[in-house]
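Have a look at the structure below before the remarks.
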Ligand SMILES: C[S@@+](CC[C@H](N)C(=O)[O-])C[C@H]1O[C@@H](n2cnc3c(N)ncnc32)[C@H](O)[C@@H]1O
């Protein structure tokens, strides 16, 4: 398979590269904004689970207009390191930690955010129930940290998997927001259960004190929660958004889209730095993966080989920038690139 085959299969992946976005997810936020006008009046925004940074790019491009540039503050949080972006402060941290909430507030000089977005996703296991459960936990963690940093009346947008627990999640969101909608942007594949909750008008219950001691879903609720009826059952409106006559994310398109413009391959905008699969790529490339008929190379051995290789590369190629090179000296071009989620 050539490198352009993914360009054929995924039109938004290709467009993201051509327009300079770090990931195809940028289109999801742009399409949500087309429907909900999310950025109006926003000067302080938080991007939770931000790496590699395409949502932060959207926030920066939309909010940091000439007139408002001075006053706009954007904070991006992720477990993983992310290449710098002008006008975006990065916190490498965990959204389930109180210290992360405190750092965000410190950056806003004690003021609250107008908008919190979260495109958080765990590494999927392929076991649907497990993936849905972990995604639900991440959404609740995002909601929890949001209650620490969002101003009353503010907006929260987050990825949700429309699985078994969705009714419970909607109910929990409705406790804090007067309007909750579920939206599916055109760039999110129909074949995926991914959607986004758009929660408006943050209005926590009277006397509510944000608390990070137990941010997660403990499943001590009634297992029949989803069968609740009447006023106990929360059904939120569902909306498909984005230009519905635009590109279909589930379709394959020819490389030559427009007869007047010849196709040429565009490399990814920003390869990830220190991705979690870095070590596996290094081991595969250097034939260090365990084989059935030979004693497996120990992890220690592999790690020391990586460190050695890193120091050799630094000596030999002093001009390679830190952003282009992984922590173990792997050139970013060796690694899978644009985030697909
Ligand atoms: C789909 S990616 C986000 C893509 C991003 N919105 C973009 O447009 O570039 C999901 C991210 O969630 C992050 N993540 C998962 N759990 C997290 C946690 N507990 N705290 C912070 N980030 C987390 C992962 O590290 C990953 O980078």
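Residue positions begin at 1 at the first shown residue.
For all residues, glycine too, the Cβ spot is worked out from N, Cα and C.
Feature list (source: TrEMBL):
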- 21-202: domain 'Ribosomal RNA methyltransferase FtsJ' (DOMAIN)
- 53, 55, 78, 94, 119: S-adenosyl-L-methionine binding site (BINDING)
- 159: active site, proton acceptor (ACT_SITE)
- 301-341: region 'Disordered' (REGION)
- 306-324: compositional bias 'Polar residues' (COMPBIAS)
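Feature map: TrEMBL annotations on the structure.
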{"residue": "53", "record": "S-adenosyl-L-methionine binding site", "contacts (Cβ under 8 Å, 6+ apart)": "22, 23, 76, 82, 83, 85, 88, 270"}
{"residue": "55", "record": "S-adenosyl-L-methionine binding site", "contacts (Cβ under 8 Å, 6+ apart)": "25, 26, 29, 47, 117, 119"}
{"residue": "78", "record": "S-adenosyl-L-methionine binding site", "contacts (Cβ under 8 Å, 6+ apart)": "49, 50, 51, 90, 92, 93"}
{"residue": "94", "record": "S-adenosyl-L-methionine binding site", "contacts (Cβ under 8 Å, 6+ apart)": "79, 100"}
{"residue": "159", "record": "active site, proton acceptor", "contacts (Cβ under 8 Å, 6+ apart)": "118, 119, 120, 121, 135, 139, 194, 195, 196"}
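For residue 119 (S-adenosyl-L-methionine binding site), the Cβ neighbour count at a 10 Å cut-off comes to 24, with all displayed protein chains included. Classification of the residue listed as 'active site, proton acceptor' by DSSP places it within a strand.
According to DSSP, residue 119 (S-adenosyl-L-methionine binding site) sits in a coil region rather than a helix or strand.
In this entry, S-adenosyl-L-methionine is bound by 53, 55, 78, 94, 119, whose most widely separated C-alpha atoms sit 18 angstrom apart.
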